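Working notes for the structure below.
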């Protein structure tokens with residue numbers, strides 16, 4: 001799911017291929033995001049029908065999207081270089097593992113939509129505060145389904161991108177794969193935000209989830225069709241354990257560097273390609289690779305690995321530490337995007353959403369404009385802007401530069417959203433709609449397309465830029481974890497979105513149930529300030545960051 005796929009349903013009504021064929025990966029990925037819009041709709045439906053407040057839909061949808069994202073790295077703590085690759089090697093024995101878990105979760109969501117006893121009765125019009133609360137069984141089934149979906153999709157959504165890129169040796173081919181991967185990702189999200197939402201709103205939830213279930217099965221099948229073509233990567237164990245070993249060994253030997261008067265003797269490991277000493281940065285960690293007399297007697301033993309690490313393991317941890325400040329800037333980039341996406345849907349609910357005299361666009365489907373803008377912009381950036389930039393400057397646009405451009409565009413988007421909300425409130429006041437909940441403001445909802453499109457353009461710069469940055473800069477031992485770190489970033493960002501929303505709701509009157517009486521424009525201006533401060537933090541981190549390529553050159 002993309003960033004703009006945040007809580008797309010706040011607003012349900014209460015009344016009811018291989019190395020030579022990367023398209024195998026892109027094709028399967030095109031089907032996996034389709035169900036995500038629908039299962040978030042179910043969360044909000046339960047929350048709305050039990051509590052009857054729109055704003056209360058924010059924390060639930062943020063939490064489940066964040067849970068799905070954070071689960072990626074929680075799984076990789078134990079499965080890195082094991083489970084995902086073993087899944088490809090022996091998929092029958094593993095019962096399709098994570099991918100199959102996701103499919104089972106979607107099936108459960110379909111059953112929730114079809115079987116009336118698995119969901120609460122719809123609220124009657126005008127009686128939102130007396131809605132029947134979901135039973136413990138209904139909540140249990142819902143959360144079990146969402147957990148399966150989160151485990152399955154969370155464990156494969158970004159790591160499958162790394163797996164696809166690993167099928168190619170040429171960096172240009174890898175970049176092309178990433179571009180098409182994201183095009184497939186966003187276009188499938190467009191389908192889920194239009195066709196699926198329309199079917200759920202106008203035909204039925206059962207049919208909508210049924211289509212999701214079929215699409216998920218097709219994606220799984222396409223993925224498995226290329227099994228015999230995929231490049232096999234031999235499992236090597238968890239690099240997270242090597243990080244822990246370096247820290248433990250460095251602490252245990254913290255006094256050795258000051259006690260050593262002779263030339264330090266470092267451990268490079270069997271078959272090491274270089275004998276260069278560790279770098280001078282973060283010297284404390286170098287102790288982990290220093291050989292002691294005790295280490296020299298037991299080099300290679302399992303117990304010794306928690307006392308003696310290779311220089312490469314030490315340098316990998318240093319690289320990870322240096323990346324973290326720059327990586328963390330993406331957290332505060334995800335937070336405004338999530339809040340903006342949800343507030344935009346709330347705005348659309350109060351505005352004129354008619355396209356022609358007979359067709360009314362669902363409020364949740366307005367996020368499709370951001371997805372479309374992202375997909376189109378990625379193509380334009382790849383085919384025209386990057387080439388033009390290289391012709392003019394003789395250099396390629398680096399991932400850090402792409403991310404920086406995305407930060408700037410995102411700030412512009414938030415400014416536009418604040419100005420449009422001020423206009424919407426002005427129209428509501430001029431028509432005396434401030435104390436008429438549910439009334440429609442005579443202003444076209446297509447005003448919202450402008451900030452959404454700008455947000456999509458910004459995402460086309462910073463999102464692939466972040467993935468490329470992590471893929472290029474992370475140590476090779478953590479390469480499959482690198483793209484999953486983007487998912488962790490999104491998860492933390494959406495958890496923070498919940499905290500920000502709760503804080504604003506408790507300390508101000510900006511987010512009442514009737515947004516015509518609120519000040520969403522102030523929320524947007526607050527996000528502008530957050531974006532500007534975060535951009536300053538990003539520039540500072542980028543200024544002091546030295547890439548691995550520069551390190552190699554030096």
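Each Cβ is built from the backbone N, Cα and C atoms, and glycine gets one as well.
All annotation found in TrEMBL is predicted automatically rather than curated by experts.
Within the set 421-441, 484-504, the record from TrEMBL flags 484-504 under the feature transmembrane segment. As stated in TrEMBL, the feature transmembrane segment covers range 361-381 out of the listed 298-318, 361-381. Among the ranges 271-293, 524-546, the stretch that TrEMBL annotates as transmembrane segment is 524-546. Contact between the transmembrane segment (361-381) and the transmembrane segment (137-156) is not supported: fewer than 3 Cβ pairs lie under 8 Å, counting only residues 6 or more apart in sequence.
Counting Cβ pairs under 8 Å that are 6 or more residues apart, the transmembrane segment (326-349) and the transmembrane segment (137-156) reach fewer than 3 and are not in contact.
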